[in-house]
Amino acid sequence: MSSAEMGKFDISPDEDSSSYSSNSNDFSYPYPTKPAAMKSHYADMDPENQNFLLDSNVGKKKYETQYHPGTTSFGMSVFNLSNAIVGSGILGLSYAMANTGIALFVILLLVVSILSLYSVHLLLKTANEGGSLLYEQLGMKAFGMPGKLAASGSITMQNIGAMSSYLFIVKYELPLVIKTFMNIEENAGHWYLNGDYLVLLVSVILILPLSLLKNLGYLGYTSGFSLLCMVFFLIVVIWKMFQIPCPMESDIINATLINATLAPFADENITISDACKPEYFIFNSQTVYAVPILTFSFVCHPAILPIYEELKSRSRKRMMNVSYVSFFAMFLMYLLAALFGYLTFYGRVESELLHTYSAFLGADILLLIVRLAVLMAVTLTVPVVIFPIRSSVTQLLWAGKEFSWWRHCSITVVLLAFTNVLVIFVPTIRDIFGFIGASAAAMLIFILPSAFYIKLVKKEPMKSVQKIGAALFFLSGILVMTGCMTLIILDWIHTDASDGH
């Protein structure tokens with residue numbers, strides 16, 4: 001895309017849009033909009049100086065000004081939005097299915113995808129009525145500084161969660177790659193096989209120098225490369241399902257021992273076949289992580305408005321069609337990845353699917369290629385995620401100040417150090433998916449779009465079907481966030497108590 005700056009904005013009303021209401025104040029915050037990891041589409045700009053903000057034209061009932069016309073085709077917009085949706089969450093979907101069952105997982109996946117689409121609808125309509133294509137600015141117009149802080153904080157948390165999940169992948173996968181290259185069968189205690197040390201090394205040697213750049217020229221390439229990596233990952237997951245036998249050797253050994261010691265009269269085949277029997281409905285202590293993992297996987301909302309801005313022949317209906325195609329494609333991709341991963345390992349799936357293969361296959365050339373591709377993608381993407389967080393902090397604390405290398409470097413080092421501490425001390429990637437999915441993702445999908453819609457869309461009364469639907473959506477978001485967070489914290493407490501014994 002040739003330009004990231006919008007001067008003024010004019011949207012011709014589509015079928016379901018009417019008059020535009022504008023607040024009485026003008027806002028001109030040069031606030032950058034960047035999606036989360038693997039979710040950015042602006043390769044030729046300085047992220048520190050982006051400005052998607054629209055200048056309000058107060059006093060007119062209809063929001064009419066000049067605007068930068070979109071130049072991105074429908075197909076490329078679908079590709080960009082697919083980039084914004086897909087991410088590391090795909091690695092945790094098989095784990096979610098293993099703890100919900102196939103049928104319950106499909107129901108939850110369908111519900112979350114539909115609700116996410118409804119959220120996109122609310123967000124686009126609110127942007128039209130509120131006269132802004134910036135998520136944080138909608139919060140400012142709706143609720144003042146608290147609204148802006150809520151939007152900015154949610155996006156920052158989501159980005160930190162995404163960044164942590166990518167470094168978790170480095171922590172999990174890089175030791176396995178080194179073991180394969182060095183032909184080491186067992187972990188002999190070498191420091192270079194310790195994931196914590198490797199995360200620190202990668203962060204200091206590769207990620208930090210890239211993060212200190214003022215402009216990331218490779219931004220667009222990273223986004224496309226990451227999507228290709230995930231498609232390749234899906235193909236390998238499907239292929240390996242037909243190659244890995246069930247029952248596995250470990251299942252046969254365990255079944256033999258159990259029958260020999262506990263039930264010598266039992267039919268051994270029943271125990272072995274149970275390990276390869278799919279479940280359709282499962283409820284256990286880990287089931288609570290399914291909804292946060294799914295919401296984490298479908299968060300793309302900070303990228304919706306920038307993609308809408310660049311869409312050729314822009315209209316809300318056309319952007320919703322882009323969303324339908326993208327969400328349907330990602331729905332199929334997520335479903336296939338989760339299903340074939342689950343049908344390969346059943347109840348033995350770990351919270352990061354790629355790591356599960358190493359426990360059963362050891363050194364495998366195809367998996368090694370997948371690991372290298374994924375590691376390269378996440379390493380190049382972490383600096384992309386740091387940019388919007390750093391810009392957000394700069395705008396909140398030092399708005400209007402001239403660029404300072406000292407401030408630029410200090411914020412970068414603090415962010416990267418904080419994320420490394422999380423990755424080293426948080427036990428599993430499941431906890432990152434769960435906590436961020438239940439908090440920031442729930443805010444971005446459920447709570448904020450509905451709250452902005454209720455506040456900014458003035459032409460519809462509160463008793464209208466649209467406003468009632470938005471209010472129910474808001475309440476469901478509160479319920480999802482509080483319920484999942486409560487159950488996750490209780491699971492953490494129970495796990496700590498069990499470990500203490």
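Placed from the backbone N, Cα and C atoms, the Cβ positions cover glycine too.
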Query = Both Phe74 and Lys467 on the same side of the membrane in Swiss-Prot, yes or no?
reply = yes
Message = Which one, Cys246, Cys300, is listed by Swiss-Prot as the other cysteine in the disulfide with Cys276?
response = Cys246
Ask   = Among Asn254, Asn321, which is annotated N-linked glycosylation site in Swiss-Prot?
value = Asn254
Ask   = Looking only at residues six or more beyond either end of the topological domain 'Extracellular' (98-103), which have a C-beta under 8 A from one in the stretch?
value = 278-282, 284, 286-287, 289-290, 339, 342, 345-347, 349
Request  = Counting only CB pairs under 8 A, let me know which of 78-97, 288-308, 325-345 has the most with the transmembrane segment (409-429).
outcome  = 78-97
Key: Count of other CB atoms lying within 10 Å of the CB belonging to Thr381 (Na(+) binding site)   = 26
Key: Neighbour tally for Asn83 (Na(+) binding site), based on other Cβ positions within 10 Å of its Cβ   = 26
Task = Find the average pLDDT over the topological domain 'Extracellular' (98-103) in the predicted model and report it.
result = 95
Ask   = Taking the transmembrane segment (432-452) as reference, which of 160-178, 190-210, 325-345 has the most Cβ pairs under 8 angstroms?
value = 160-178
